[in-house]
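Some notes on the structure that comes next.
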Amino acid sequence: MVKDTLFSTPIAKLGDFIFDENVAEVFPDMIQRSVPGYSNIITAIGMLAERFVTADSNVYDLGCSRGAATLSARRNINQPNVKIIGIDNSQPMVERCRQHIAAYHSEIPVEILCNDIRHVEIKNASMVILNFTLQFLPPEDRIALLTKIYEGLNPNGVLVLSEKFRFEDTKINHLLIDLHHQFKRANGYSELEVSQKRTALENVMRTDSIETHKVRLKNVGFSQVELWFQCFNFGSMIAVK
C-alpha cells in the first residue's frame, strides 16, 4: 500500500481536491487513515449484500473508487445471475479498480465504467452502494440521483449510504470535527497535512446532517431509513424500498 504524503509539504497554491492520478495511487492508505470506521463499513457492506442481493438482479457501486465495496459485496453474494456495476468519474480510479477486481477470481461478473453517476441508468437493482460519494455531488443534484436510485431498485432493495455528517448543534459539531482531526493525527498525519487537506476539500465536499439525509430519503419514497453505523462525524445509513 502506497503511503499518502500528498499534503505533507507546504503547497503554495492549494487548489480544490480532485480524484486524480496522485490521489488514486495512495487512496487505500488515505481513506483508511482518514475515515474512522471505514473497514467496518466495507465489511458490513458484504454482510448487507448477503442479505439483500437477490437472484437475477444488479448491484451498483456508485463512486466505486478502487473497488473495496464492490469486492466486499461480491465475496458475500450467494445468488445466481447477479451482476455488479461499478461507476466512477475518475479515469485513474477506474483503471486501478479494474486491476484490483481482476486480481480476485469470482463467478460474479463486474463491469467498471468511467462515467458521471448522474448520467447512468439504474435498473433491476437489489442493492445500490453510495460509499462517501453523495457528499461530493452539488447539493441541488442529490434528490434527483436518489430518486433515480429509488426508481431503479426492486421492491425490498437496499441503498447503503455512507457519508461524513455535520451536526446542527455547533458545540457537538466542533467536538466531532476535533475528534476526527485527532483520529487523523493518531494515524500519522501532521497538523500541516490535516489543515491543507481540509482547505482542499472545503469547496468540493458539502456535508448534510443525519436528519437531512433521513428526511430526503423518506421523501424520495424509501419505507425504512436508519443510521446503522457512526464513528465521530462519519457514518452509514440503510434505506429499504
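Cβ coordinates are placed from backbone N, Cα and C, and glycine is handled just like the others.
A quick note: this is a predicted structure, and the numbers were derived from the prediction, not measured.
Among the features that Swiss-Prot reports, S-adenosyl-L-methionine binding site is placed at Y38, G63, C64, S65, D88, N89, D116, I117, N131, R198.
The structure, with features from Swiss-Prot marked on it.
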residue	record	Cβ contacts under 8 Å, 6 or more apart
Y38	S-adenosyl-L-methionine binding site	I31, Q32, F234
C64	S-adenosyl-L-methionine binding site	T70, G86, I87, D88, M93, C97, I112, I129
D116	S-adenosyl-L-methionine binding site	N89
N131	S-adenosyl-L-methionine binding site	I41, I42, I45, D61, G63, S65, A68, A69, V160, S162, S236
